[in-house]
Ligand SMILES: CC(=O)N[C@H]1[C@@H](OP(=O)(O)OP(=O)(O)OC[C@H]2O[C@@H](n3ccc(=O)[nH]c3=O)[C@H](O)[C@@H]2O)O[C@H](CO)[C@@H](O)[C@@H]1O[C@H](C)C(=O)N[C@@H](C)C(=O)N[C@H](CCC(=O)O)C(=O)O
Ligand SMILES: Nc1ncnc2c1ncn2[C@@H]1O[C@H](COP(=O)(O)OP(=O)(O)OP(=O)(O)O)[C@@H](O)[C@H]1O
Ligand SMILES: N[C@H](CCC[C@H](N)C(=O)O)C(=O)O
Ligand SMILES: [Mg+2]
């Protein structure tokens, strides 16, 4: 493709050479550069991509998009100076793959918790309604029934637009995708055309990256600020910041809520381990999914489907049968009647939601035993709070390791322990090895007790120092529960 066509829509400060240069491929990582590649020099969180420009030219890059021109320019190479290389990457990647987002109806879902659940429900719902559909999510990506492994919640612009192009080729009409706050700040969604945006909620997470709650909130809001006039913006009116998200959007503003007036309204009639009984827009429905937080997720999916023109009864009938995403409130009962739940709660709010759901449903005499860890190289300030919430809401807590990544897992546990109040210390123990921790929970449990294994949900690995070792909470929990006589 010619450079001038790729640069359509990019705000250019200067261009040194041939705008008709042919470009064979795009790369933002020097290690991916081949002959005739357009290389984007990006200032990242760890290094500045500008330092690799020379290296990429040696490897065959013929065009370089950068924010600062190198002092020595190489002859035969076209340099494009831009204000922001990440924004340029989004727009160019979109052009390179034929602007696939404008050929699909893309709905972006953002918020601290619930993105995967809402996106997955919408994917499953629209498949059942008979459409060709794509899904981009933390657990996995889908093009109809084909599964494409996910590396991020929201992929980088090249992977993202390539995936969207594949969806167009598979004749998908809809694409449901998670929009993480990292993706907004790093402009991974620049250049995309959205048909709608959905907000779930905002609570404490990712302060390592965003630094303050206010800038985390601004990142989520920016997604809505940039939606086009032709799209809709559906928000959770019960969330303290739900309406803030829509303050500056051009999109048509819509709301859903359980507690106040809204365009889409539901009431919880009953909340049991077997599911939720909800009144949605004056229709009583029994859903498979558990927990009041899932009432919000179901309502968000319902509202989105109605805004996309689907029939109310059809939508509710299908939604009532869906189980949502893997590893979210995933429930099993052992032969002895011990209840095991695997959940992806990895924020203070999610831990509290899952445990308060269990507290509301339990009969009262049984113990709740929680196994929980916190990820390394992620927000450190949520660690003591997660441990505090878990110990406040459980009869026994086992603090353990999650994905330590490059951190010392013992140190992460020590930071969690600081959140456990002196009165709660009696019921809290720490076991570094996650398998041992789950095993211990199973040994302590008596028939009727509830074990919650939180934080890793669908993940099939434990990441230690850059290596992913096989680890599956559900597998370990089921195996250990089966070993008890
Ligand atoms: C903190 C973060 O988001 N980092 C992402 C970011 O990397 P970075 O800015 O740190 O990159 P860097 O290492 O500083 O490098 C800067 C530039 O130099 C380039 N480079 C670097 C080295 C080299 O030898 N040559 C070279 O060209 C890099 O490719 C990059 O373009 O850009 C990379 C490319 O897109 C991402 O892979 C990387 O995700 C890391 C692996 C990650 O773990 N991200 C997580 C936190 C994340 O994004 N999570 C959200 C979900 C959160 C949620 O669900 O709530 C997600 O959307 O997945
Ligand atoms: N609407 C909600 N409100 C609060 N907590 C929720 C909600 N939905 C799910 N949760 C909790 O958050 C966990 C993660 O849910 P989900 O994977 O849907 O969120 P996510 O926003 O995609 O997370 P991530 O940021 O990791 O992509 C669930 O396992 C559950 O504990
Ligand atoms: N999307 C989240 C997932 C956290 C899951 C948890 N198991 C961890 O590793 O911290 C993140 O990247 O922060
Ligand atoms: Mg997700």
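Glycine residues also receive a Cβ, built from the backbone N, Cα and C atoms like all the rest.
The structure displayed is predicted, hence computed values, not measured ones.
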- [ ] Have a look through 362, 378 and flag the one TrEMBL assigns to the meso-2,6-diaminopimelate site that 402, 403, 404, 405, 455, 459 belong to.
- [x] 378
TODO: Between any two of 378, 402, 403, 404, 405, 455, 459, the residues recorded as binding meso-2,6-diaminopimelate, what is the biggest Cα to Cα distance in Å?
DONE: 16
Open item on the list: Checking the contact step here: among the recorded positions 220, 378, 402, 405, 459, which have a Cα within 10 Å of the Cα of residue 116 (ATP binding site)?
Closed with: none
Open item on the list: Quick test of the contact rule: Cβ under 8 Å, at least six residues beyond the ends. What residues does that give for the motif 'Meso-diaminopimelate recognition motif' (402-405)?
Closed with: 346, 373-378, 412, 434, 455-456, 459, 461-466
- [ ] Could you tell me which three-state DSSP class residue 116 (ATP binding site) falls into?
- [x] helix
Open item on the list: Please give me the binding-site residues out of 402, 403, 404, 405, 455, 459 that lie within 10 Å of residue 112 (ATP binding site), comparing Cα atoms only.
Closed with: none
TODO: Name the secondary structure element type, per DSSP in three states, that contains residue 220 (N6-carboxylysine).
DONE: helix
